[in-house]
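To start, the structure under review is shown below, and the notes come after it.
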Amino acid sequence: MAPWPEVEKPETNNYIGDSSKQNQNMTGKEGENHKGNVASLGNKGDIQPAFSTVALIDETRPEEDPWALPELQDTGVKWSELDGKGKVIRVLYGIGKFIMLLGLLYMFVCSLDVLSSAFQLVGGKAAGDIFKDDSVLSNPVAGLVIGVLVTVMVQSSSTSSSIIVSMVSSTLLTVRAAIPIIMGANIGTSVTNTIVALMQAGDRNEFRRAFAGATIHDFFNWLAVFALLPVEVITGYLYHLTNVIVESFHLESGEDAPELLKVITDPFTKLIIELDKSVINAIATNDESAKNKSLVKIWCVTESNVTLQNVTIPPSENCTSPDFCWTEGNTTWTLKNITETEYISKCQHIFVNSDLPDLAIGLILLALSLLVLCSCLIMIVKLLNSVLKGQVASVIKKTINTDFPFPFTWLAGYLAMLAGAGMTFIVQSSSVFTSAITPLVGIGVISIERSYPLTLGANIGTTTTAILAALASPGSTLKYSLQIALCHFFFNVSGIILFYPIPYTRLPIRMSKTLGNITAQYRWFAIFYLLLCFFLLPLFVFALSLAGWAVLLGVCLPLFLLFIAVVIINVMQKRRPHSLPEKLQNWDFLPVWMHSLEPWDNIIMASLAFCGKHCCGFCKCCKVNTEQEGAKDNQLKTMEVYENTMAMADEERGGRRAPAVACVDKTGTNNTAL
């Protein structure tokens with residue numbers, strides 16, 4: 001048997017010294033005695049004995065719940081300890097932060113408005129062209145994905161709804177065929193707050209909560225569509241219900257719907273860009289002349305004059321009335337009302353005299369609005385983190401998240417729903433409201449369970465705004481616009497009835513938490529989810545729908561049944577694994593890449609590392625991340641237990657030997673940042 005190494009060697013002394021440092025975290029007399037033993041052994045030159053760790057192993061520490069709301073501790077000086085001058089400065093700082101928060105929220109909302117205009121410039125005409133194909137729109141599944149795609153492209157469910165109303169009033173589309181498109185628009189409008197959640201990817205736990213709080217809206221909309229679209233196709237209950245309501249009232253065109261938030265934001269956004277949205281409607285209603293028109297509004301003040309003029313008509317046309325038609329030689333004249341538009345003053349936005357095409361202007365505004373949106377969101381989160389601490393944070397969290405005492409516990413959720421509907425009615429946009437509460441969910445002020453009814457209330461609030469807007473429509477489109485707005489309203493109400501009153505049916509909460517855990521570990525998966533649900537999947541279904549019903553059902557039906565089977569097996573694996581065959585109790589019989597994201601994560605992170613060698617500054621960032629992860633590992637090692645300190649030293653020395661692969665391996669497992 002090989003002898004132990006000599007203890008007088010420098011390396012061994014280093015081992016003993018390092019081990020004594022590691023044991024400093026032990027508490028009580030036992031820890032002190034152990035440090036003394038190690039020191040004495042080091043002085044004597046003996047090998048330190050193995051140390052029993054049974055007591056430490058038996059101490060079971062409760063696992064931290066990643067979904068628990070963090071305690072935002074106030075690290076500053078207490079109010080009672082401040083003198084008069086300090087209290088005045090504290091109050092002035094608070095007022096300044098509040099004013100700054102209002103300013104950032106204003107810029108945040110304005111950037112969302114400009115972002116919507118940018119998307120309309122980039123894809124507005126394409127959205128109008130999509131609506132032109134009547135044969136595709138008659139397919140409810142195709143209509144659903146068209147609603148998703150168009151709303152994502154124009155970033156506004158109200159814009160897509162106005163296009164639908166124009167088509168229905170022009171008899172190009174029936175109300176019953178428009179209902180699936182409205183359902184798709186309901187899904188597409190939730191993409192904005194999902195994009196906003198990506199801005200909190202810097203902190204893993206904040207990103208977990210923020211992404212779950214944003215995607216809870218997505219999951220509710222998708223589940224409501226999966227449950228209610230087949231029912232609507234078979235029974236037409238939304239069409240018949242809204243038709244009875246509309247026919248029972250003698251409706252007349254009213255005043256314009258109130259624009260509460262627009263009054264504040266329009267003066268600023270109109271200095272940046274103004275759009276002529278009638279061009280998209282004209283393209284959707286087969287107006288060929290609108291294709292060559294620009295969406296950028298040039299003349300803001302115009303006046304139309306109708307005059308009765310003499311005009312010539314072709315000789316082949318017969319005069320309908322001898323009083324208004326006469327012939328002079330070979331020319332036939334008649335009287336017609338001619339509308340002439342007088343252009344009085346131009347708009348004041350910065351692109352009014354620009355010669356750039358719509359696509360270039362849209363891309364410029366898209367980049368600028370995203371930059372402002374991200375900057376405002378980051379500063380809002382930092383400002384809220386500095387303000388919502390200590391007593392203030394506890395009061396706000398208790399006010400928002402606390403339930404009523406039994407037996408009125410259920411009432412708090414419905415009051416939150418009313419609050420969400422009221423706030424959405426004030427800001428007149430569900431995207432703005434849900435995007436505003438997403439960072440609050442991320443920093444832990446609002447829980448996931450409370451954000452769910454707030455989001456459902458936002459869905460109701462945006463439909464009430466649409467109903468008011470419909471009541472202000474002209475007489476020719478009043479009936480159709482009101483019926484479509486009511487379809488949107490009752491669709492959301494039906495979804496709430498299915499997925500909220502009974503706690504067991506609140507599937508979006510559990511689904512969003514599962515997705516939040518995945519994206520916290522693999523942050524690139526958030527972008528993959530965004531592209532898949534809002535672009536790739538709708539485009540795939542739309543392409544199949546162009547080939548006809550047979551191809552659509554032949555491809556989508558087996559895939560959908562396979563998806564349902566996988567979901568059922570996953571649920572049974574967690575709850576009743578013994579009810580499944582032995583082979584199906586886990587997915588180990590499949591290749592690793594089919595049931596784990598780890599191989600994909602390794603590929604993506606290796607690709608980023610390869611690209612980083614050709615990008616300026618990436619390697620430095622990688623090294624910084626590696627050092628940070630190494631520091632965290634060293635901290636964690638103080639909590640680990642070793643029977644022999646030489647093993648600890650060997651591990652540390654082995655960890656220092658391979659810094660080259662740490663950049664890829666560490667990043668692949670613990671630091672899958674964007």
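Start at 1 and count along the chain as shown; that gives each residue its number.
Every residue, even glycine, has its Cβ placed from backbone N, Cα and C.
Where the annotation comes from TrEMBL, it is an automatic prediction and has not been curated.
According to TrEMBL:
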- 1-43: region 'Disordered' (REGION)
- 1-11: compositional bias 'Basic and acidic residues' (COMPBIAS)
- 12-27: compositional bias 'Polar residues' (COMPBIAS)
- 91-115: transmembrane segment (TRANSMEM)
- 136-157: transmembrane segment (TRANSMEM)
- 177-198: transmembrane segment (TRANSMEM)
- 219-239: transmembrane segment (TRANSMEM)
- 359-384: transmembrane segment (TRANSMEM)
- 404-426: transmembrane segment (TRANSMEM)
- 432-449: transmembrane segment (TRANSMEM)
- 456-474: transmembrane segment (TRANSMEM)
- 480-502: transmembrane segment (TRANSMEM)
- 522-543: transmembrane segment (TRANSMEM)
- 549-571: transmembrane segment (TRANSMEM)
Tertiary contacts of the transmembrane segment (480-502), as residues 6+ beyond its ends and Cβ separation under 8 Å: 161, 164-165, 168-169, 175, 178-179, 182-183, 185-186, 220-221, 223-224, 227-228, 238-239, 241-243, 245-246, 251, 413, 417, 452-453, 456, 459-460, 463-464, 466-467, 469-471, 473, 508
Top Cβ-contact partner of the transmembrane segment (219-239) among 177-198, 456-474, 522-543 (pairs under 8 Å): 177-198
Top Cβ-contact partner of the transmembrane segment (456-474) among 91-115, 177-198, 404-426, 432-449, 549-571 (pairs under 8 Å): 404-426
Stretch contact, the transmembrane segment (136-157) with the transmembrane segment (549-571), Cβ-Cβ under 8 Å, 3+ pairs: yes
